[in-house]
Amino acid sequence: FHSTKPKLKTIANFVLGFWDYETPKVMVVKDRKLGVIYRAVQFLVITYFIWHVFISQKAYQETETRPESSVYTEMRGVAMLEDSVQDTTEYVRPSEGGDVISTILRREVTHDQTQGTCHYSVANANCTQDSDCAKGEIDFDGHGQRTGRCIPYYNDTFKTCEIKSWCPIEEYAVVREPALEQAINFTVFIKNAIHFPKFKVLRGNIKPNKPKKLLRCHYHPKTNPYCPVFSLGFIAAQAREKFSELCRTGGIIGVFINWKCDFDSDPSKCIPTYSFRRLDMRKNLPSSGYYYRFAKYYHKDGVEYRTLIKAYGIRLDVIVHGHAGRFSLIPTIISTVTAMTSVGICSIICDWIMLTFIDKNEVFSEKKFDNVSQKDGEYYRKKSKASISLTRSPRNPVSQSLQTSLLQAMAPPTRTSRTACHYKTSCHHRKLSSDGMLPNIQHSRILLQKEQDIFLS
């Protein structure tokens with residue numbers, strides 16, 4: 001029971017202390033180093049809010065970061081692949097344009113495929129007899145359904161399971177065409193319109209009164225900011241990619257249209273910027289790059305045939321980002337109050353430095369923290385009245401004598417007595433006591449305190 005009593009007392013003190021009110025106390029500390037630190041921290045905080053928060057981030061503005069946007073793309077250019085002419089119908093997918101568009105740079109073609117049975121070579125398709133090939137089984141690594149027969153491969157050196165599929169299969173009859181290197185000069189026209197509904201502002205990346213200029217211009221951030229026409233070579237260079245490598249494996253490149261508008265000024269000054277970056281993972285992957293398959297179907301002698309094309313190319317993903325701002329009173333007030341409040345961090349930091357590193361003798365901590373209650377106020381009020389009544393009462397001879405002795409003791413010594421004490425050793429009564437007072441002053445104050453205690457009681 002006795003061991004739990006101090007714990008309960010500690011808990012009670014904590015609960016009661018939770019309801020205490022704390023107010024800052026103004027204390028002027030005459031320390032030059034601490035003052036320099038305080039002003040330096042103040043300067044850093046104020047500079048941060050003025051430069052970064054208000055000027056750079058424009059915290060006084062109301063913002064909108066989710067605008068409405070539409071994108072239309074069109075690719076232009078003609079190239080020669082050996083003796084054939086390649087136009088936009090041949091190499092552009094999809095043909096109607098949109099925020100995703102791709103161009104074919106290299107093809108692997110399998111001609112004259114038709115429905116039938118044929119052999120194929122995969123890791124688990126080798127066999128020696130028909131029982132090794134389960135009829136009706138579909139191999140997900142293969143190209144069709146097994147017929148249950150084990151037949152010789154094309155060169156008759158080994159046997160494989162026969163399948164029902166489009167024959168001949170791609171791995172055996174594919175024809176690899178050369179890359180379309182002239183595509184480096186193909187151009188992409190990107191038309192973008194963006195709407196900020198909060199501010200009711202609609203902007204576009206082209207000027208509506210100059211449509212003919214778009215046929216012969218190329219984008220430049222300073223000379224032609226309203227000409228969103230880019231060559232594939234320029235896009236690859238901006239994305240830090242080799243165009244020859246893209247022709248071989250293909251790739252996905254993001255075209256980022258960035259709108260950062262300040263509607264405190266003229267909205268016509270809001271012009272987008274463009275950046276390019278490769279989006280697909282291309283290093284040390286078995287299926288790196290970008291490719292897809294499609295087929296062209298035709299009939300010959302009543303039989304359906306197809307030409308299977310595996311296309312490698314560049315896919316452009318147009319991604320639009322928008323950020324707009326305009327002055328508003330509420331964000332300005334919030335940011336200003338936050339800045340003023342953050343200046344108080346300077347006092348907290350300097351208080352910690354003062355109490356941790358400078359206040360070795362706990363002089364500042366005694367001045368810094370005071371515990372005051374209502375009872376203390378009543379006590380000091382009575383004490384003050386008692387002191388005044390005792391010192392001013394003419395009927396109290398003891399008080400008069402104490403007052404006289406206290407004033408005489410506190411009076412400075414005359415020049416003669418000071419000189420005399422300088423040469424004589426009998427002036428020990430003028431020496432200071434351990435608390436810094438002259439002995440007669442200390443004795444008089446003790447007597448006066450006793451009278452006050454008697455009066456208060």
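Yeah, the Cβs are placed from backbone N, Cα and C, and that goes for glycine too.
Owing to the predicted nature of the structure, the values given are computational and were not obtained by experimental measurement.
The ATP binding site annotation in TrEMBL covers THR187, LYS310. Of all the Cβ atoms in the protein chains shown, 16 others lie within 10 Å of the Cβ of LYS310 (ATP binding site). According to its DSSP assignment, LYS310 (ATP binding site) is in a strand.
Cβ neighbour count for CYS118 (disulfide bond): 21 (other Cβ atoms within 10 Å of its Cβ, all protein chains included). Reduced to three states, the DSSP call for CYS118 (disulfide bond) is strand. As annotated by TrEMBL, disulfide bond applies to CYS118-CYS167 (among others).
Among the features that TrEMBL reports, disulfide bond is placed at CYS127-CYS150 (among others). Secondary structure at CYS127 (disulfide bond), as computed by DSSP, is strand.
The disulfide bond annotation in TrEMBL covers CYS133-CYS161 (among others). Annotation note: CYS161 (disulfide bond) sits in a strand segment as assigned by DSSP.
Per TrEMBL, the feature disulfide bond maps to CYS217-CYS227 (among others). Taking a C-beta cut-off of under 8 angstroms and a sequence separation of 6 or more, CYS217 (disulfide bond) has the following same-chain neighbours: ASN224, CYS227, VAL229.
If you draw a 10 Å sphere around the CB of CYS261 (disulfide bond), it holds 23 other CB atoms from the protein chains shown. Residues or ranges marked as disulfide bond in TrEMBL: CYS261-CYS270 (among others).
ASN185 (N-linked glycosylation site) falls within a helix when secondary structure is assigned with DSSP. Per TrEMBL, N-linked glycosylation site is recorded for ASN185.
Annotation source TrEMBL lists transmembrane segment at 36-54.
Spatial neighbours are here defined as Cα atoms within 10 angstroms of one another, and by that definition the neighbours of CYS127 (disulfide bond) among the disulfide-bonded residues CYS133, CYS161, CYS261 are CYS133, CYS161. Cα distances from CYS150 (disulfide bond) to the disulfide-bonded residues CYS133, CYS167, CYS261, CYS270 are smallest for CYS133. Comparing C-alpha positions, THR187 (ATP binding site) sits nearest to CYS261 among the disulfide-bonded residues CYS118, CYS133, CYS167, CYS261.
Of all the recorded positions in the record (CYS118, CYS133, CYS167, CYS270, LYS310), the one with the smallest CA separation from ASN185 (N-linked glycosylation site) is LYS310.
Its Cβ placed at the centre, CYS150 (disulfide bond) has 20 other Cβ atoms within 10 Å. If you take the C-beta of CYS270 (disulfide bond) and look for same-chain residues 6 or more apart in sequence within under 8 angstroms, you find VAL201, ARG203, TRP259, LYS260, CYS261, ASP262, PHE263, ALA324. The CA atom of CYS118 (disulfide bond) is located 9 Å away from the CA atom of CYS161 (disulfide bond).
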